[in-house]
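Okay, handing you the structure first.
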C-alpha cells in the first residue's frame, strides 16, 4: 500500500499581530514537514517570561508571530530524513540542538552547538515558514525553533527530543526551558560543590530549578531572595534553607542582607534569576571576595547592563549561560530520569491551567502573587 503523504492541517493558534499587541486566537494552516522536519500535535504547553518578552519584540521584532517555546507533543507526521523519529513519538521541541560532532560539542564544556545554535530568524532552515493565517494566507513567524502556543507545530528534527512517555506531560513542558535552565546552571554550568553556600535572586520557575539543583549538589546554605512573600513556602519545598524579602529591610541592600547571614563573607555562588539590571551588581557584591561565582539567568530583555568593574577585579567570576549549560540530547534525558524516579518533583510548579482560547487571560494571571507556572491545555 502506498504511503499517503501528509496534507495541510487547519487548526487554532495564539498569534501576536504587532509589537506590544494582544495575543489572539486565529485559525491557521500548518504545512506538512519537509525532509528533516516533524509535525507535532501539541499536548500541552506552558508560559515562560521570555514569551512575554516575545510579544514586545524580543529578541527580534518579527510579526505576525506565534509565541511559546515550552511544551510537549506527539509527532503526527515526519519528513523523509527525520532521523530516529516516527509518528506517535512523544517529544519536546527545544530551542537548542546538539550535533555531537562540532568543536563545541566535542569539548563537552558547552551546550552551544555550532551546527544547531538557538535560531532567531523565526523561520525554518530553508528561510520559509510552515504556518500561515488561514483567512489571508499571510506567513507567520515562529518563536525560536518552533512555536508551542498552537495545536500543531513544525520543527526541525535536530531541535526535538524524544522522551519517555511515562513522564507527566506538564512536567515535561516545564523542563523544556525554565526549570531546566535553573537546575542546569548549578549542575552543568558551575558544578556547585558540596557544603557550599548559594544565593538565588528571584524564586520563579528558574529560581526553583536553581534551588533544587543546589540541594541535590549538597549545598549547605541556599538563600532565596524575593519580594513576593508567597515564594518563601515554594522555595522551602524545593530545598531553600533561608529566605530574604528585601521589602522587610528597606534601608539595606540585597547584598548586605545576604552577607548578614553568611558571617559577612557572602556566598560561593549567586544566581540572578530576575533579569533586573541593577541586581546583577548586587549579585556580584553578594558573592565571596576572590572566589565567588555569579550566574545571570533571568531574561530581562535589556540589550546591555552596566557592571561595576571594581567588583570583577576582586577575583569574582561572572559566568553567563543558555539553558543552564544543559545539552539537549546528552543531559536533558538525565534530568527527565530524575523526575521519573522522584528525585526531582515538579508538582508544586503548577499553579494555574487555561485553555488555548483563553491565552490572553494568562498575562493577567502571571501578575498574581501565587502564580508560578501556567499550563496551556489543547
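Each Cβ is built from the backbone N, Cα and C atoms, and glycine gets one as well.
What Swiss-Prot shows for this protein is this:
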type	residues	note
BINDING	48, 69, 177	Zn(2+) 1 binding site
BINDING	49-53, 202-207, 226, 231, 274-276, 297-299, 321-323	NAD(+) binding site
BINDING	99, 102, 105, 113	Zn(2+) 2 binding site
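Are these features on the surface or tucked inside, and what are their neighbours?
DSSP assigns residue 177 (Zn(2+) 1 binding site) to coil, not to a helix or a strand. The local packing around residue 177 (Zn(2+) 1 binding site), expressed as other Cβ atoms within 10 Å of its Cβ over all shown chains, amounts to 28.
Look at residue 52 (NAD(+) binding site): DSSP puts it in a helix.
With a cut-off of 8 Å between CB atoms and residues at least 6 apart in sequence, the same chain places 98, 99, 113, 114, 115, 327 near residue 105 (Zn(2+) 2 binding site), listed in sequence order.
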Among the binding-site residues listed here (48, 69, 102, 177), which has the Cα closest to the Cα of residue 276 (NAD(+) binding site)?
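Nearest by Cα distance to residue 276 (NAD(+) binding site): 48.
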Given a separation of at least six residues and a C-beta threshold under 8 Å, show me what packs close to residue 69 (Zn(2+) 1 binding site) in the same chain.
48, 50, 51, 93, 95, 143, 144, 145, 146, 147, 148, 176, 177
Quick check for the class: what is the C-alpha distance, in angstrom and rounded, between residue 231 (NAD(+) binding site) and residue 102 (Zn(2+) 2 binding site)?
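Residue 231 (NAD(+) binding site) and residue 102 (Zn(2+) 2 binding site) have their Cα atoms 41 Å apart.
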Rank the binding-site residues 48, 276 by the number of other Cβ atoms within 10 Å of each Cβ, and give the residue at the low end.
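If we count Cβ atoms within 10 Å for the binding-site residues 48, 276, the smallest count is at 276.
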Out of 102, 113, give me whichever of these binding-site residues has the highest number of other Cβ atoms within 10 Å.
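Selected residue: 113.
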For the recorded Zn(2+) 2 site formed by 99, 102, 105, 113, name the remaining residues of the chain with Cβ within 8 Å of the site's Cβ center, in chain order.
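My list of surrounding residues reads 97, 98, 100, 101, 103, 104, 106, 114, 115, 116.
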Using a Cβ-Cβ cut-off under 8 angstroms and a sequence gap of six or more, which residues of the chain neighbour residue 206 (NAD(+) binding site)?
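Spatial neighbours, sequence-distant, of residue 206 (NAD(+) binding site): 178, 179, 181, 182, 273, 297, 298.
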